[in-house]
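Enquirer: Pulled these from TrEMBL:
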TRANSMEM  6-25  transmembrane segment
DOMAIN    17-276  domain 'G-protein coupled receptors family 1 profile'
TRANSMEM  37-56  transmembrane segment
TRANSMEM  76-97  transmembrane segment
TRANSMEM  109-131  transmembrane segment
TRANSMEM  168-186  transmembrane segment
TRANSMEM  220-240  transmembrane segment
TRANSMEM  260-278  transmembrane segment
Amino acid sequence: METGIFAIVLCSILFIVHMYVVGIVMTTKKWSDKRFLCLALFLSISDAAMMVESIWHASIGGDVNASESSHYQCTILSHLTSGTILFSLLQTLFICLERLNATFATSNIILKQLTSNLAVGIGFIITHVYVSLRCGVELFDSEGNSDKPKGCDPTYSFQREFLLFNEIPNLVFVTVITSCYIAIIVRMVKQHKKVPESDGLTDLQIQQKKQSALKMQRNVVTLSCIVAITLCAVLPRCIYGLYFQRRPDTYTKVSSVHDAVNVFLLLNPLFDPFVYILRMKEVRDRLTFQCFKRNNRVVGSFGNQTDPSHH
């Protein structure tokens with residue numbers, strides 16, 4: 001019960017944060033012309049949708065003795081949330097490819113097409129059709145099969161079939177994302193080494209070189225954080241799921257570790273706004289502008305109320 005309340009509160013806060021970030025981005029000048037910002041915006045929208053699904057699931061799930069209607073809802077939500085997580089990882093891969101494309105002197109046509117709005121739309125359709133087909137099979141198979149855990153059972157998402165169907169694609173995406181970011185870091189370091197030594201450079205060129213080195217260091221730190229967060233979000237559930245399959249009775253009640261590894265899935269939605277969007281100067285400037293604007297309104301309103309000339 002306490003875990004469900006915690007999940008609802010946390011997901012509600014994250015939903016508000018993501019929707020606020022979406023609003024900030026959409027009021028930023030020429031945001032649609034910046035591919036990275038567009039992809040980060042789509043990811044925030046996806047994370048917000050995941051929060052809604054998680055809140056709904058937490059409010060009705062966790063009860064083995066729930067009504068048949070609730071079990072059907074939990075089954076659908078379990079697959080829908082898995083689809084959203086898979087789509088979020090796919091979007092993270094799109095952002096990786098966009099960053100990889102930025103390391104080339106001229107834009108790569110293939111990478112540009114792979115990170116287009118059309119690719120995002122196709123990715124959304126494919127991932128959700130994938131989980132929808134599995135959900136349909138699961139609902140059909142559950143009819144008359146009382147041995148398997150039902151949708152609201154805490155052990156439901158740790159069934160062998162569910163794990164293999166959902167976690168293997170997640171592991172594939174995490175592996176590709178990690179490899180892609182390592183390639184980006186290697187390319188950035190190599191490009192930085194090609195910069196000539198400071199001897200014989202003008203003061204302006206030396207300053208530009210220092211700024212380039214600082215930018216590279218920040219990018220390496222950011223990319224390393226993204227890889228670490230993605231690994232920490234996905235791997236614990238995969239590892240525990242494999243361990244859970246080795247139990248003598250895999251349908252027995254799971255420990256609190258079950259809830260913990262599911263909470264780890266919220267790491268990506270928790271840190272996404274900071275590692276993708278709020279680190280961009282134009283977005284931070286827009287956020288600062290809105291905060292000052294709101295504070296000025298409050299101060300102005302307070303001043304009008306206390307002004308003696310109004311009495």
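Cβ from N, Cα, C; glycine included.
Caution: TrEMBL annotation is automatic and unverified by curators.
Describe each of these features in terms of where it is and what it packs against.
Expert: Tertiary neighbourhood of the transmembrane segment (6-25): same-chain residues 31, 37, 40-41, 44-45, 47-48, 51-52, 54-55, 58-59, 263, 266, 269-270, 272-273, 277-278, 283, 286-287, 290, selected by CB-CB distance under 8 Å and a gap of 6+ residues from either end.
Residues 35, 38-39, 42, 79-80, 82-83, 86-87, 90-91, 94-95, 97-98, 100-101, 166, 169 of the same chain lie 6+ residues outside the transmembrane segment (109-131) yet bring a C-beta within less than 8 angstroms of a C-beta in it.
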Enquirer: For the transmembrane segment (37-56), which stretch among 168-186, 220-240, 260-278 has the most Cβ pairs under 8 A?
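Expert: Stretch with maximum Cβ contacts: 260-278.
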Enquirer: Over the domain 'G-protein coupled receptors family 1 profile' (17-276), what is the model's average pLDDT?
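Expert: Here the predicted model's pLDDT, averaged over the domain 'G-protein coupled receptors family 1 profile' (17-276), is 82.
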Enquirer: Can you name the far-off residues of the same chain, 6+ from the ends of the transmembrane segment (168-186), with a Cβ under 8 Å from a Cβ of it?
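Expert: Long-range Cβ neighbours of the transmembrane segment (168-186): 85-86, 89-90, 92-93, 96-97, 99-100, 103, 130, 220, 223-224, 226-227, 230-231, 234-235, 238.
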Enquirer: Sort out the residues at least 6 away from either end of the transmembrane segment (220-240), same chain, that have Cβ-Cβ distances under 8 Å to it, and list them.
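Expert: Tertiary neighbours of the transmembrane segment (220-240) are 89, 92, 99, 163, 167, 170-171, 174, 177-178, 181-182, 184-185, 188-189, 257-258, 260-262, 264-268, 271, 275, 279.
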